[in-house]
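Worksheet: one structure, shown below.
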Amino acid sequence: MADFSNTASSLNQSVSNAKYSNLSAPPKSRRNKSNILSKAKLNNTSKSLSSKAMLSIKQKKNKNRLPSKLLKQKTPTFLSPDEYINEVKGLSSEEALNRLLLEEERINNNEQKKRKILTNKAFIIITLLQLITIIVFIFLFITSTIKQKSLHYSIEYLIETILLTFWMFLNIIIIKHETEAYCSELVNKAKYVFTKIRTSGINMIQELRIPSTNSVSVLRVIRDGKSKTFPVSLLVKGDIVEITYGERIPCDAKYVPSERNKTYIPKNPILKNRQKFRPNFFESQVAKDGLQETTFNSSLFTFELLETPIHNSLESIFTSKRPTPPLGHQMRIIKREIFSHFFLYNFIIALAIALGRFLYEIIGNHLKENLLNVIIDYFLYRPLSAFIPLIFSPLIIGFTMVHVFGNSHILFMFEQLKKSKNEYKDDENIDEFDPAPAPTKDIHVSFGDVLKYAQSIFKTKKGTLLRSSSLLDTLGSITVICALDKEGTLSYPFPSIEQLFFIDKDGKSVILDVEESSQNPNGIRFEDSDWNNHLSSLKPLGLNLLLNTNCGFAEGKIRNDPHRRLSGLHFCGRTQSARQTCLCRLGREIGFSVDVIKSFKLLKQLYTLSPSHPSLEKMVDYHFKVPNMFSQIFEEASSGYQLITDGSVELVLDCCLDYWNGEDLSAIDRNIEKKILDFCQTATSNDNQIITYAYRPIHREEIFQLSSFDKKPLFFEMLPKHKLLNTSTALSNASNSNNIVSYGSEEDNRRQSIDVISTNPYSYILRSQIFLCLATLATHRLKQHVSDFVEDVRLAGIRFVYLSPAPERESKAFAERIGLETDWNSCILLSSDSESSGYQELHDIKAQLPRGIENIRSHIENVDDIPLHVSLFAECTPNAIKELIEIFQENGEVVCCIGSALNFKNISSFAIADVSVAIAPLHTKQQTKSKNQISLQSPLTYAADFISLPCSLFMNSDSSLYILTQIIRESRELQISMINAFFLLLGSLLTLSICYIFLYLLLNPPLFTTWQIIWLSWIFLPIISATLLSTPHDPETMTLMPSKNQNHITNKNKFYRYFIIRFILIILMVVLAFEIILTRLLKQESDTFSLFKIYQTYNKSFLDWDEESRNALKYAQIITLFLFVYYIIWTSATFVNRTQSIFKVSPIMNHKWFIVSILMLILHIGITLINLDMKDTFKNSLGKIPFYYHLLFIIWPIALIPAHEFAKKLDRKEYTRCQKRTKLEFNTKVGMHSPL
């Protein structure tokens, strides 16, 4: 035990001499007092430990002191990226840029193909009908001019012809513009990115150490002979990339041997797309030395890309077709129903009436007027006039304008929410016992701002994908939100420390929980109140953390927020995100101050990798990483030389013989090793990353055997000759969730990890270390509001689905953090049995959940639809994710994908989702300016532009997900209001046409003149319908269940029934009123009333009526126009809310509707009175109509309102039943094989 106690003495002395002191001006609390007393006590204890010679670890005695010149050298520094000159030159930056810009030609070809696509049969039919109607009006104008009875009627026909022609061309222009915009907006967006690259250029002064995280797709590429870290989406064919073990490549690549890797012989020189690069790519290496010194880039292997990665991605973007949203499907069905049934049948009826009337006139020899007039009137003018409200309908233009305005409103609000610094607040009107919808920000969106935004969108050539993604329709109909990434989107890109593990003096495991705390001076705190009882074990760790950082702490820079630690391991290859997290805050929390490290002088940095470590043989791809460790040699004036290490548990534990128990050193036996490995397995299954910390005092005599301490770090590759059964095999199995940890043979209590022969002087120093502690870092420290967001969208009937690349246990650990269910029927593995570790929960096996993406469809068709109700899918690959999204869409789900804007594998999923939201996982650099003042953008900026091409929305890294819930709420409300406005407009237009048909059936003249139809169809009805878009917020909007994108309008009879109930009374009263008014104006009061009396008296075409009769018809049309407007205003009041009674939800709450309705009523009263007072003949025309008719006309809404309320009651009953059924289906997970 002499060697143990001597080493313990050195360890205590080094920590005691570190002036273990408190932070400056700490808050005076009971907790701080307790820490101070404990620290003082432990310092005194450490000084009393024995101090014996380190005989067992001496190699040679050398009494010579180190040269003073050597000791005075500056602290070693990391290599600069510009110093990294590669032997392989690669492409030049200019050549690579030109190759990237060649991809723009592919975009132009795609644009030409898409613009050749011709469309829409309905549009062609409508245009032909419009043209025929215009020709008829031209004939009427010519006929009226030839007769020269009245120039007034000729001018009227001419003006009507001009207006109808204008409307036809306006329709053509708008539809042509929208069709071209739909086909070209994605192309324009891509061309805009290429234009930016061409004009602004790429900032090639790129830092080599870009953060390494799963949600950022970068590779090292050799450009101009220098190695740079570059986004995958900007690489081109012919690029030479450097990859290390554990990385994937975005396309096929060919191995290029280099001088530093000439001994590596590949089994197959081609590395396939998305293939994980592992040591088995090469033939087996023969170990020549246990520790072999290498260069810093010896673990980087060069490959030549055989294609441009973005090439296939652009093809995927342009060939993918998004599903039509639910509202689009409904509009198509309604359009088909109107023109295939209503229009066709009624037009046939009108022609039949015309033919019968014409034959009656011919056979009975009653035809006395011009035959051409009769043909035009009977066969063209009357039938087409009945359908002018539909043929020249404002529905197409109105629907387009509302969508542009609605999309502008959503986007403008989205941008304002991203900029706003206000806090999200809950709705105060919600009862505390009711489920509360997501909180919102109070954002004011003015009509003028939205109008300007709409104008810019309407003209844009570079904006968002409003039309191809149907943003407003899709956001309001989302049923599934798929999260494609974790780091940077749902959780922070860098992990935070969660637990510390060490062994105490009794050999027991001690686990201390650590959490972020904004109230704590250090921004971090121990959750355990008695943590300071373990200060003797924590002190070496705290010293290690502060010496092993480069965040400026040594210069007095104090950071209390989570921040990065730059590591030279980036030169060696891809590192875990945990190794890039600075833990200086924990060292300060343990009690060390900046004065601690001032007495330590850094002499050397050592980087060690072990690519042939036995633990890699059975390690699954997700956990695959090359074991590595980072060591530093320090000199301290009083305690001598020390080695501190942090690294992978596999490698560091192999290099440790003993562990520090807080008071002394103890040997690592099988029992201690089992405790360490059990903790590692638990942490790994929870998807945590582990860092192992070790320490070793170095005797002065050992220092002389080492190489000179220049400023360059040393890089080693550890090649063990013997496979270590205990640690290596156990950790390999621990990383494989399917197996139980096995431990080595029981030959000896001492570990045999140093049984490797090496001539390198650093070998014994690195392999004789003391285990201090394990630190687990949680990769799932959630961003703000994430778990609440998941709960809120579930309340809104939107299923949140996490698509995880990790195995099941690790996926469930994160899913539980964000609030997803992790019990039975909660997780499906998308990998096949041969691709995975094979682990499955017992209850999932009993539930017979499908395994593998290839079995999902057949399971849904033949067993049950449980896969559509699962919120967690594990072991996902990009192709599996894409196919799963397609399965969702095939089964009626409206899918929104959220993911990293820098993750290259997300492109295909973004392209096929109904709507996609890209989230920046990191803060990218702002543009810089060169000497000639040209703005240069960061490569990450362009990479985000390419990857987010299919995305309609882009969120910053610091944006809250509550932005999505607020714009979803806004989209739902706009969509509901838009549907109400659409059905009011459609119902009113159909009512107008049916009134025409009824009067034509009664052989009466037209209900309205063409300009009156134009006024109603183009002005009054669109305006009164548009006011419904400003309906006040409904607090229950985000508690409603959205309908799926299937089985649209299955019960058409229901809609016909609702239309008849709501509008039949208006139709009857308008027809009756017109008959009564026209009869009274044409004849004396003593005449009896008869429906066919007008035809019996004036049995010739109204075109041949005399002037007085025409005036009577005109005034009847004026009065009926007012009555139609009057009834529609009352009807619109019932459309303010779809299901709620007007007595419960007052329409006056919609202030715009109320004001516009009053103004329209006053306007039409004025128009009626002015027109009735124009001629002396009919100056007292209103007096000819009996008072009781006036009273009936005015009080008719008393009958209308109950009819509308009855229809709403039926609709409410049906809607409530549908909501309950949908909610039950949404919340159930009971399948055919589900446990009881």
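Along the chain as shown, residues are numbered 1 onward.
Using N, Cα and C of the backbone, Cβ positions are placed for all residues, glycine too.
As recorded in TrEMBL, the features of this protein are as follows:
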- 18-50: region 'Disordered' (REGION)
- 37-50: compositional bias 'Low complexity' (COMPBIAS)
- 122-142: transmembrane segment (TRANSMEM)
- 154-175: transmembrane segment (TRANSMEM)
- 220-257: domain 'P-type ATPase A' (DOMAIN)
- 342-360: transmembrane segment (TRANSMEM)
- 380-405: transmembrane segment (TRANSMEM)
- 979-1001: transmembrane segment (TRANSMEM)
- 1006-1209: domain 'Cation-transporting P-type ATPase C-terminal' (DOMAIN)
- 1013-1031: transmembrane segment (TRANSMEM)
- 1059-1082: transmembrane segment (TRANSMEM)
- 1115-1133: transmembrane segment (TRANSMEM)
- 1153-1172: transmembrane segment (TRANSMEM)
- 1187-1207: transmembrane segment (TRANSMEM)
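Below 8 A, the CB atoms of the transmembrane segment (1115-1133) and the transmembrane segment (979-1001) form 3+ pairs separated by six or more positions in the chain.
By the Cβ criterion (under 8 Å, sequence separation of 6 or more), the transmembrane segment (1059-1082) is not in contact with the transmembrane segment (122-142), since fewer than 3 such pairs are found. Just going by CB pairs under 8 A, the stretch in 154-175, 342-360, 979-1001, 1187-1207 that sits most against the transmembrane segment (122-142) is 154-175.
Sorting the domain 'P-type ATPase A' (220-257) by DSSP state (H, G, I as helix; E, B as strand; all else coil) yields 3 helix, 18 strand, 17 coil. Confidence for the domain 'Cation-transporting P-type ATPase C-terminal' (1006-1209), expressed as mean pLDDT, is 83.
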